[in-house]
Amino acid sequence: MKRLSVLCSLLLVAAALGTELPLATPCDEEACKLPDCRCSSTNIPGGLRARDTPQFVTVTFDDGINVINIETYREVLYGRSNSNRCPAGATFYVSHEYTNYQLVNELYNRGFEIALHSISHRTPQAFWADATYQNLVQEIGDQKRQMAHFASIPASAIKGVRIPFLQMSGNTSFQVMADFDLLYDCTWPTTALTNPGLWPYTLHHESIQDCIIPPCPTASIPGPWVLPMISWRDLNNFPCSMVDGCFFTPDRTDEEGWFKFILTNFERHYLGNRAPFGFFVHEWFISSNPAIKRAFVRFMDIINNLNDVFMVNSAEVIDWVKNPVPIDRYRQQQCKFTMPSICRPSFCGPLTGTHNQLSYYMTICNTCPRNYPWVGNPLGQ
């Protein structure tokens, strides 16, 4: 109890300090140097020519992992490799409620990236816009510990964040990321910097990125990287950040139309400055639309056989930007290796949610908690 009290006190102090962050100033490329600092820019890292630059593709899925959507992930992702014979990656931004942590462990052991998407994923969206430092410590900082504990994966492997509803929280979320040793955020869409696309950057200095869902950060916050969500363009040239958010699209039964739609958006990157191409989606959209699923699989089949395209975990993009090398050298690098993490599964329940008095069941890689884990009590103690 005493330890908890001390922790709460430290968090309150940190929250108070949150109002004293220095305002970001325009970026000086002579002073802001890799690997730890990069100005927001459409310039290719390392001054590489586009034809010498690896085209990274980041496939991401949001929300909880369960026995239903794991079947889609197994079907479309498992066993894929890039042309350099390294396993193809994908990133899962996982929210806590109804997540099966044994399956999170399975995805991690398959080499996919596990990232944070909040404990509660609560509504309304305005909560996230107005979230305090303390709110985001409990939703994001505590989720890192929760994820590591229940999924039996190293906390050091949890590097990314996506805030629910793509709702920016100003400086606050990035301050929490800096304080909890999180590497990058992939919440911030850009519709203005898509052709050429905006490359990842740090927040040491003022960002040039357009603020689509305010508030956006204005302070100088060394440490966290921004992995921009470069918007797609639908058939009427309207921007969309998530694939399932595009409005004017081919008919959902039109496999060929969707294949061409995906390829057109990909080529904007591939034939341009090769900024990372994101396929940001919710699993339900793939599983409930078989023609779109087939088009998606065809797209992955093509890029997995191109010598200059690499489907990777999102954190790997940041790693490359920190130390940019041309395609020929990148292809010679050793494949990433995930040290297997053992899951000793426990099926727990009914567990009472102290926030709503509902009964929950959960599968975890640890001993069962006394209560259903939630905001303010991430381990269910």
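Just so it is clear, glycine is given a Cβ too, placed from its N, Cα and C backbone atoms.
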From D63, D179, D181, the one annotated by Swiss-Prot with H117, H121 for Zn(2+): D63
According to Swiss-Prot, the disulfide-paired cysteine of C39 among C8, C27: C27
Bond partner of C240 - disulfide, per Swiss-Prot - picked from C216, C246: C246
DSSP-derived class (H/G/I helix, E/B strand, else coil) of C240 (disulfide bond): strand
Candidate with sparsest Cβ neighbourhood (10 Å radius) among C32, C211, C240, C335, C348, the listed disulfide-bonded residues: C335
Close in space, distant in sequence - C27 (disulfide bond), Cβ under 8 Å, 6 or more apart: C39, S40, H204, H205, E206
Residues near C37 (disulfide bond) in space but at least six apart in sequence (CB under 8 A): A31, T202, H204, H205, P222
In three-state DSSP terms, the structure that C348 (disulfide bond) belongs to: strand
Cβ-centroid neighbours of Zn(2+) site D63, H117, H121, 8 Å, sequence order: D62, G64, Y93, V94, S95, H96, E97, S118, P164
Listed in sequence order, residues with CB under 8 A of C343 (disulfide bond) and six or more positions away: Y101, Q102, N105, E106, A151, S152, C365
